[in-house]
Amino acid sequence: MAAQASEKLQKLDLNGQSGDAEADAPAAGQTQAGEAEDDSDDDEVEDGNAAGEGAASGGGAKVQSSPPRVPLSTLFAGKEYPEGEIVEYQNENSYRTTNEEKRYLDRMKNDFLQEYRQAAEVHRQVRQYAQKTIKPGQTLTEIAEGIEESVRALTGHQGLEEGDNLKGGMGFPCGLSINHCAAHYTPNAGNKMVLQQGDVMKVDFGAHINGRIVDSAFTVAFDPVYDPLLAAVKDATNTGIREAGIDVRMSDIGAAIQEAMESYEVEINGTMYPVKCIRNLNGHNIDQHIIHGGKSVPIVKGGDQTKMEEGEVFAIETFGSTGKGYVREDMETSHYALIPDHSQVPLRLSSAKNLLNVINKNFGTLPFCRRYLDRLGQDKYLLGLNNLVSSGIVQDYPPLCDIKGSYTAQYEHTIVLRPNVKEVISRGDDY
């Protein structure tokens with residue numbers, strides 16, 4: 001979920017507190033028995049439903065259903081989840097890989113890592129199904145709700161009982177931002193928007209276990225003309241991941257990302273466009289139950305001398321555009337989040353008081369959208385919600401858009417700066 005780099009980020013000022021898997025743990029993106037794949041969508045769904053029914057009846061399904069509905073606790077009975085991509089530290093930090101003290105500290109964080117790895121495996125399985133099934137002609141509501149239902153099923157938390165969503169489920173709403181819209185768009189109730197053949201759609205969603213949020217995103221485009229745009233952003237994100245590490249300055253990461261991104265260009269309808277970094281969108285660190293932890297990872301060169309630190313978790317995300325490379329708020333807001341340590345403002349509207357109670361009990365500081373309030377049976381809440389926003393208790397996240405007619409793309413991964421290695425926790429075979 002993108003962090004906006006300008007006055008919006010300063011306005012947020014979000015703050016939060018922020019051994020190894022067994023050698024025979026399965027590789028990232030695979031279940032213990034391996035994923036069953038089939039080129040036939042009909043066969044997949046039929047077999048998948050049978051697998052899901054078997055799991056529900058105690059049959060102990062060992063493959064994921066299609067669509068994904070089998071809880072990971074069924075697939076990984078030993079509760080040891082796949083590691084992400086392990087990257088050894090380089091240069092002055094290379095000693096950390098073999099340092100016994102650092103390895104010991106790393107082993108002490110096994111519960112923390114298992115929660116992150118479980119959330120990451122949920123994300124991998126859900127997104128890999130989504131990548132195979134998202135097609136032109138689908139409504140955005142159908143796509144978003146399908147992804148969200150899968151995440152809830154795999155985490156084992158439907159989020160309909162008070163406090164259940166705080167234990168696991170959606171880390172933030174499924175963003176489906178199309179073409180010039182770069183981030184923070186998800187359909188509200190009644191939205192009839194349909195995905196088109198020529199669209200470029202960013203799919204950005206989070207899965208969490210106990211507030212350990214895995215934030216990862218990819219871009220869907222059906223026309224190969226956009227391939228260079230997607231390649232630029234994927235390269236830039238991987239460059240940011242490569243450069244990130246303990247004691248690395250944010251400014252150095254941003255400079256490397258920009259150099260990678262802006263070495264690409266894309267030809268659309270006979271016109272050549274340079275791929276530009278969207279300079280006011282950033283990556284960010286992640287704290288427990290808080291998606292934007294207060295530190296920003298720029299995607300352009302600049303003067304931020306803040307350093308990454310041991311034990312921190314970061315979402316490394318980059319955005320490329322054929323437009324101005326700058327986004328502004330536009331369109332109807334759908335994303336919201338309770339501001340951590342918000343000021344205690346007396347609320348005069350009973351609807352605002354009641355809604356704040358619902359938010360605290362069901363989402364805490366996790367982002368939510370209007371559809372999630374609808375799902376909980378809330379109605380006529382918009383006046384109260386706007387009052388919470390104007391009172392500085394809830395932050396709104398309007399869609400962020402470049403100029404109309406432009407195309408934007410996004411790729412994102414979550415990394416954990418472990419004491420002895422860097423783990424790209426959300427890495428998969430897909431990206």
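Backbone N, Cα and C define each Cβ position, glycine as well.
Site annotation (Swiss-Prot, ligand divalent metal cation 2) includes Asp215, His284, Glu412; from Glu243, Glu317, Glu329, Glu332, the additional listed residue is Glu317. Asp204 is the residue from Asp204, Asp223, Asp402 that Swiss-Prot records in the divalent metal cation 1 site together with Asp215, Glu412.
Around the Cβ of Glu412 (divalent metal cation 1 binding site), the same chain contributes Asp204, Asp215, Ser216, Ala217, Phe218, Thr237, Gly283, Ala315, Ile316, Glu317, Thr318, each under 8 angstroms and 6 or more positions distant in sequence. Separating the Cα atoms of His292 (substrate binding site) and His284 (divalent metal cation 2 binding site) is a whole-number distance of 6 Å.
A gap of 15 Å separates the Cα atoms of His284 (divalent metal cation 2 binding site) and His184 (substrate binding site). Other residues of the same chain near the divalent metal cation 2 site, with their Cβ within 8 Å of the Cβ centroid of Asp215, His284, Glu317, Glu412, are Met1, Ala2, Ala3, Asp204, Ser216, Ala217, Gly283, Phe314, Ala315, Ile316, His413, Thr414. Within the same chain, residues at least 6 positions away in sequence whose Cβ sits under 8 Å from that of His184 (substrate binding site) are Met1, Ala2, Gly175, Ser177, Ser334, His335, Tyr397, Pro398, Pro399, Leu400.
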